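Positions annotated as active site, proton donor/acceptor by Swiss-Prot, on the basis of sequence analysis: H158. According to Swiss-Prot, the active site, proton donor annotation covers K162. For G11, A12, G13, G14, R15, M16, E37, G101, T102, T103, A125, P126, N127, M128, the entry in Swiss-Prot reads NAD(+) binding site. Annotation source Swiss-Prot lists NADP(+) binding site at R38. Look at Swiss-Prot and you will find H159, G168, T169 tagged as (S)-2,3,4,5-tetrahydrodipicolinate binding site.
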Amino acid sequence: MGGQVRVAIVGAGGRMGRTLIESAYHQEHIRLGAAIERPGSSLVGVDAGELVGVGKLNVIIMDSLDYATDDFDVLIDFTAPEASIVHLDWCVRHKKAMVIGTTGFNHAQKEQINAFAEQTPVVMAPNMSVGVNLMWKLLELAAEVMGDYTDIEIIEGHHRYKKDAPSGTALKMGEVIAKTLGRDLEKCAVYGREGITGERDRETIGFATVRAGDLVGEHTAMFADIGERLEITHKASSRMTFANGAMRAAHWLVEQKPGLYDMQQVLGLN
């Protein structure tokens, strides 16, 4: 799309919401059309630009999408699973596209998203960063070459406030590796180890989780053999990388037909 894409951001007052507002401000092809907070928030009525320190944008934080129906083309949501489902339902009814960066969806919620995406364009990805999406491609190659004879472990770390574990990015890493190797992640995943576990089963994929301080996001996949190991690591030092990826997804999504897309498609990696 040649012109500016208007975006709305829900959860505007949160850590990620504020970063998204700042990212939208700096994007040439994006314009912030609306910013939404929960009813009762002390931020309702505040100018979104002044909230994040970029100056007045004349976009006042509101407490309902219903007040912003004509102000945006794509909704960007990094909130919580239950809220994201409600917002997607709203987007379907009002013919709006949606970018979902929320993680922690259960199986039933994912099925709801699949059904809604038949009626409106949706990009959903556990991680919007370019580097992470490239990492998933590298994991495919590593799994093809080394996966059958190495022990595979995935280690991830995030800030103390993150609510779901393992992270959506770590689970996607496991899914990519398992699919490449013809395994079912639900059957081969091992989440943490404690006590007398016995010898390691080569077919398993292990997960370890760290929650500490202000870690933005660190992910490592280890392919370990006797005598050598390969580690593929991505470290995020700022949430801005995720926000910029979400803006890129929004700009791409506005011209797509209804369907469920991911960042691999946005970036042309598929």
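Note: Cβ is positioned from N, Cα and C throughout, glycine not excepted.
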- Item | Other same-chain residues whose Cβ falls within 8 Å of the Cβ centroid of H159, G168, T169, the recorded (S)-2,3,4,5-tetrahydrodipicolinate site, in sequence order | T103, P126, N127, E156, H158, K162, D164, S167, A170, G217, H219
- Excluding its own, the Cβ atoms lying within 10 Å of the Cβ of R38 (NADP(+) binding site) add up to 16
- Message: These are the binding-site residues: G11, G13, G168. Which one scores highest on other Cβ atoms within 10 Å?
- Response: G11
- Item | Site extent for NAD(+) (largest Cα pair distance over G11, A12, G13, G14, R15, M16, E37, G101, T102, T103, A125, P126, N127, M128, Å) | 23
- Between the Cα atoms of K162 (active site, proton donor) and the residue listed as 'NADP(+) binding site', find the distance and write it as a whole number of Å. 19
- Does DSSP put the residue listed as 'active site, proton donor/acceptor' in a helix, in a strand, or in coil? strand
- Note on the structure: Same-chain residues at least 6 apart in sequence with Cβ under 8 Å of the Cβ of N127 (NAD(+) binding site), in sequence order, are N133, G168, T169, K172, G217, F242, G245, M263
- Among R15, H158, H159, K162, which are recorded positions, the residue with the most C-beta atoms within 10 angstroms of its C-beta: H158
- So for A125 (NAD(+) binding site), how many other CB atoms are inside 10 Å of its CB? 25
- Cβ distance under 8 Å to E37 (NAD(+) binding site), same chain, sequence separation 6 or more: which residues? G11, A12, G13, L43, V44, I61, M62, D63
- Message: To see if you understand the setup: which same-chain residues, six or more apart in sequence, place their Cβ under 8 Å from that of T102 (NAD(+) binding site)?
- Response: D77, F78, T79, A80, P81, A83, S84
